[in-house]
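One structure below.
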Amino acid sequence: MQKNDDLLRERRKDEHVALGVKQNEQLAPSSLEDLQLIGTSLPRYNVKDIDLKTTILGTTVPFPFYINAMTGGSRHTKKINAELAEIAREVAIPMAVGSQSAALKNSSLIDTYKIVRETNPNGVILSNISPEVAIQDGLRAIDMLEANALQIHINPAQELVMQEGDRSFSHWLTRIEEYVKLSPVPVVVKEVGFGMTRETVKTLADIGVQTVDLAGKGGTNFAKIENDRRRDQAYDFLLDWGVSTGQALLDMQHRDAPKIAYLASGGIRNPLDIVKALALGADSVGMAGQVIYSLKKDGVLKTIEKLEFWKEQLRGLFVLANAKNIRELKETSIIISGELAEWGKLRGIDMVQLANRK
Ligand SMILES: Cc1cc2nc3c(=O)[nH]c(=O)nc-3n(C[C@H](O)[C@H](O)[C@H](O)COP(=O)(O)O)c2cc1C
């Protein structure tokens, strides 16, 4: 029985990778397209003046983007984790591993995660667990990687579509609260691409969570991935479930939104998406699908080159926004249009104030 469960988990991880990569060949539009920054024709700064550094989870890092949680937990994904860790090391960006449940249940898979720390001994590495994981096991997950922070993923929509997924969720909040109290490293609670509303963020802030990753809809779609894994495809009506990354970011602009640190991810495709998310208050921006797609299609070196070029492109975009650093970028005026504006209006966001911030 135990062996069957282990095999099922390994196969699931390999299927997630294959289906996630396939999805990235034709992604649905992301609502970040309905967001436009107001720039300048007379920049105050030169490209070389721009400072991209940011502070997340108590650590200052040189660049405001990171590789989000994906792999580990099968033989095949050990290699992928090694390659992602090499990319993270060379580009000097943080990286999260995929859910460590597999290794906590089957110790022969520990090396498929540990390879990340071995490849990148001095990097900022994030552990990843579900709130299903008992505290003593979660602490082992942190130790396994000598992790700098702990990601806890909350993914009820994915679990429900997954045939073998969880069906009980009401104990998650108490479990997360225990982690906040007992984790030796900072905790970040993340979605997996269905996005968080300001109400969810407030519920988390109220129990002491200090950082969330909004992880909105618009990129990798786990309703679709899990539905494709089912023989009956019974959840094809749920493929559009969730709050997009643009919506989640906009929701955090509401006057009643909790004042906590947030990261953004979900459907980030290019440096302009990163700049938009930072301008809307995110301290850093995560990417999963894009990185694994680039890795599979072009390999490690080309992916490193691409992300290195992104740094230069980011500096150029800061110049256009007349911002020397992320603090100044967060004062940029932003126009919200289209469906995102409709959504923002119904959620009571002051979009005129956003459009005239400076
Ligand atoms: C192949 C794959 C595996 C993933 N596995 C995990 C996981 O184990 N834990 C987790 O928190 N998120 C996982 N995610 C979700 C990502 O971290 C991210 O939240 C989501 O893919 C949205 O970002 P994207 O649009 O940049 O892909 C996975 C994503 C992909 C593509």
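For all residues, glycine too, the Cβ spot is worked out from N, Cα and C.
Of the residues proposed, ASN128, ASN155, ASN322, the one TrEMBL records at the same FMN site as ALA69, MET70, THR71, SER99, LYS190, THR220, GLY267, ILE268, ARG269, ALA288, GLY289 is ASN128. The Cβ of ALA69 has fewer other Cβ atoms within 10 Å than any other of the binding-site residues ALA69, ILE268, ALA288. Largest Cα-Cα distance over the residues recorded as binding FMN, namely ALA69, MET70, THR71, SER99, ASN128, LYS190, THR220, GLY267, ILE268, ARG269, ALA288, GLY289, equals 23 Å. Residue annotation for substrate gives ARG12, LYS13, GLN158. The furthest Cα pair among them is separated by 14 Å. ILE268 (FMN binding site) has GLN158 as its nearest neighbour among the binding-site residues ARG12, LYS13, GLN158, GLU159, going by CA to CA distance.
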